[in-house]
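Notes to accompany the following structure.
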Amino acid sequence: MAGIVEQWSAAENGNANMTAKGSSRELRHGGRTAHNMSSSSLRKKSDIRVIQKVPYKGLKDFLSNLQEVILGTKLAILFPAIPAAIIGTYCGFSQPWIFGLSMLGLTPLAERVSFLTEQLAFYTVGGLLNATCGNATELIIAILALTNNKVAVVKYSLLGSILSNLLLVLGTSLFCGGIANLRREQRFDRKQADVNFFLLLMGLLCHLLPMLFGYVANGETPAGLIADMSLNLSRASSIVMLIAYIAYLVFQLWTHRQLFDAQDEDDEYDDNVAEEETAVISFWSGFAWLVGMTLVIALLSEYVVATIENASESWGLSVSFISIILLPIVGNAAEHAGAIIFAFKNKLDISLGVALGSATQIGLFVVPLTVIVAWILGINMDLNFNLLETGSLALSIIITAFTLQDGTSHYMKGLVLLLCYIIIAICFFVDKLPQKQPNAIHLGHQLMNNVAAANGEGVFSS
């Protein structure tokens, strides 16, 4: 009897220890999202033994931060592109070279911003900070393009980011994961994907309605009225989209956080995780580095916006192809690579969290916020992305939703998504039409000109 009591007591103590470890792990992982875990796959462990021998504390802290922030990533080899782009601007390099160097420089900066926001998350509301700064690069490029009145570039780049996440990132992840796990079926939790698709479809509705205004109007409708209707609807819809995104944050970070927490099964009860998930720099050091890197991103983004037309002419590529295809691939290369790495490890929930979460953030936060910022700046930007662009977005959302509907994956699903992305890329590659501002007023003029031509009347001037 005493032996039974001892075994029962030991079992109770064991369960208590397991529970304590599980609770500790939950606290450590509570603020981590799939985006963070994906970016962390590109980081490397810093060896600070040499720095610890420096006698001066201030210099030692600076060198330690320098090693963690600059050399603590596998993409550190691309950092020389940043001074090269800046020097090239003042030394008379051709603008296509400046454009290419700026794009290369933005790649490690985007990954380092993710690292710094995760460091600050140890001292603040981590999930909210990550959800706000997750796509800082796209937002900065969009705002700078707006200040240069390049509305078409803004729309193209944001659309490209959504398409890239839905088809390229997710397709590559499913394909690579399926190839690496041929002998077993890959499964994932559909609940998170369902929430993201609901929001993406709502955003698609906000893009479709302003575009349809031009098609339902008759020939007697003034073009200016169509443009005003589309603009007013777009601004109102943007406010609604931001409200939906705020509700999504509450849903994701508080009420239903268990659906979005990135879980790593391999280290479920591994106390070594605690060592890996501690802050390596102080709050104010992280804040200073984050501000500095944001300013550098703004500078390189300014170079990208200023040189994109010249790069288009020099390379023989349309602005739409560069903005929709090239910009997202290079700008989001870090998190894309992380998503693929986790798919290889049969952790599709993390890969889906990166791809769908980023697409949702751009579609429901960055796009409407850009419309609101343009409104404040006195620039007329609506949510009409034109028929070709909006059709590509709609079909991409529908195809991806059907691909993920059963909660299982194999390489064929990823291959189909990749082929769809290649078809869209070819479409914009062969599109040699002059750059146009996607706006309802142009659709209205085109409609009125068609009606006038059919009636044998003169053509309306724009």
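Using the three backbone atoms N, Cα and C, a Cβ is placed for every residue, glycine included.
Here is what TrEMBL says about this protein:
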DOMAIN    96-254  domain 'Sodium/calcium exchanger membrane region'
DOMAIN    286-429  domain 'Sodium/calcium exchanger membrane region'
REGION    15-41  region 'Disordered'
TRANSMEM  75-100  transmembrane segment
TRANSMEM  158-180  transmembrane segment
TRANSMEM  195-216  transmembrane segment
TRANSMEM  236-254  transmembrane segment
TRANSMEM  281-305  transmembrane segment
TRANSMEM  317-344  transmembrane segment
TRANSMEM  350-378  transmembrane segment
TRANSMEM  410-430  transmembrane segment
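Long-range Cβ contacts of the transmembrane segment (317-344) within its own chain (Cβ-Cβ under 8 Å, at least 6 residues beyond either end) map to 35, 37-42, 75, 103-104, 106-108, 110-111, 114, 137-138, 141, 152-153, 156-157, 159-161, 163-165, 168-170, 172-174, 176-177, 180, 304, 308-309, 311, 350-351, 354-355, 358, 389, 424-425, 428-429, 431-433, 435. Remote same-chain partners of the transmembrane segment (410-430), defined as residues 6 or more beyond its termini with a Cβ less than 8 Å from a stretch Cβ, comprise 163-164, 166-168, 170-179, 182, 185-186, 317-318, 320-321, 324-325, 388, 392, 395-396, 399-400, 403. As a summary of secondary structure, the domain 'Sodium/calcium exchanger membrane region' (286-429) carries 121 helix, 2 strand, 21 coil according to DSSP.
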